[in-house]
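As structure tokens, the structure follows; a few thoughts come after it.
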Amino acid sequence: MTADKLTILPPARPLSGAVSPPGSKSITNRALLLAGLAKGESRLTGALKSDDTLYMAEALRAMGVAVEEPDATTFLVRSAGVLKEPSGPLFLGNAGTATRFLTAAVSLAKGRFVIDGDAHMRKRPILPLVEALRSLGVAIDAPTGCPPVTVEATGAFAKHRVVIDAGLSSQYVSAILMASALADAPFEIELAGAEIGARGYIDLTLAAMRAFGARVEQVSPAIWRVAPTGYTATNFHIEPDASAATYLWGAEVLTGGAIDIGTPADAFTQPDARAHAVIAAFPHMPEVIDGSQMQDAIPTIAVLAAFNEKPVRFTGIANLRVKECDRIRALSTGLNAIRPGLAEEEGDELIVHADPSLAGQRLPAEIDTFADHRIAMSFALAGLKIGGIAILDPGCVAKTYPAYWDALASLGVGFSREAA
Ligand SMILES: O=C(O)C1=C[C@@H](OP(=O)(O)O)[C@@H](O)[C@H](O)C1
Ligand SMILES: C=C(OP(=O)(O)O)C(=O)O
């Protein structure tokens, strides 16, 4: 974490140029794990190198997997196909994917594993996953309901069917799906309720599992069946990050520019690519936006909404409160710091009162990012149109997009950096 602040200087011209977003965080962390669970060598290209994926790589190394980095976007993973007991706790920063996915994966290894993270991760719920694994006979404990999680693993599940509540996070389901291909018999996962965060992330999980040789079928909208195939090492290419793309799409429409991100919106398989259609409608974005299937894109769209022609109500976003920070609160706080009354929380919904006349004004505001990369990256968009927007702790973008500020600079955005 850096203590400084970065003030965005609104560009005089529309932003134009070519910038490729980095590799997908979600897919990189799935591929790293599955490569670590496969016997042999897997080459992962187009990968993201950022805090979240480097924590995953480091944890795998601590469990005996060789993870080499021949270049800036490749991981070369060599594994015996089993995760060994590490000599100490696995520290995963604030990487939700790494934390949840590894909690399930180590439950089928042998030994004692402690999954831990930073102060933010220690506030992010993991109890539904812990309880599901416990119901499978795993000796697992998370006294606060959040990390740290301690697992005493014996190498097998005692049962081959689990019911899990994924209302708070789809990552719990992805975690068990990926681990369950290592069970010793066919395994079934059922959702406790119809509610699930973003289903598109489950599809990403199934696609990654199949690429590494798993056989998994969706029996009904709430039930998946996984064959006990284990994983096969493979070479795997990772597409660019759709959530990262949303900032570039946002910068393009907000400034009336032309930014070539190198990937057509319909070529992404990640759920946040849905945001493209909404962003492309700017400044005529809909008055009600259901964020449930594109959750990580909501900060981007909410900041754009401040410049929309009509107010926007965001629904289906309750679990934004348990992401890297409470994103509903962070968005309302930041927008109201720019101009009081700009945003309003109504229960777990967010209303952004649009005001196109904000563009071109000077409204100095310090944006508290709450150490959340998406709050930093999305509020930078406001700074493209409003003078005086300062992003606190800009280094937090390293969680998923370490080159973000360089990318904006390459498009012609200027900054002034100072100690906060
Ligand atoms: O499976 C994944 O890769 C992710 C799932 C989503 O989280 P939840 O399932 O916790 O909502 C998303 O917000 C996160 O950035 C990545
Ligand atoms: C919610 C996010 O991350 P994670 O849950 O993987 O930490 C995110 O990247 O917006």
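Using N, Cα and C of the backbone, Cβ positions are placed for all residues, glycine too.
The phosphoenolpyruvate site in TrEMBL is built from Lys25, Gly96, Gln171, Arg327, Arg374, Lys399 plus one of Arg61, Arg124, Arg199, namely Arg124. Taking Arg124, Ser170, Arg327 as the candidate binding-site residues, the subset whose CB lies under 6 angstroms from any atom of ligand 2 is empty. For the domain 'Enolpyruvate transferase' (285-408), the number of residues in each DSSP class (helix H, G, I; strand E, B; coil) is 52 helix, 27 strand, 45 coil. Residues Lys25, Gly96, Arg124, Gln171, Arg327, Arg374, Lys399, recorded as binding phosphoenolpyruvate, reach a greatest CA to CA spacing of 19 Å.
Residues from the binding-site residues list (Arg30, Arg124, Arg327, Lys399) with a C-beta closer than 6 Å to any atom of ligand 1: none.
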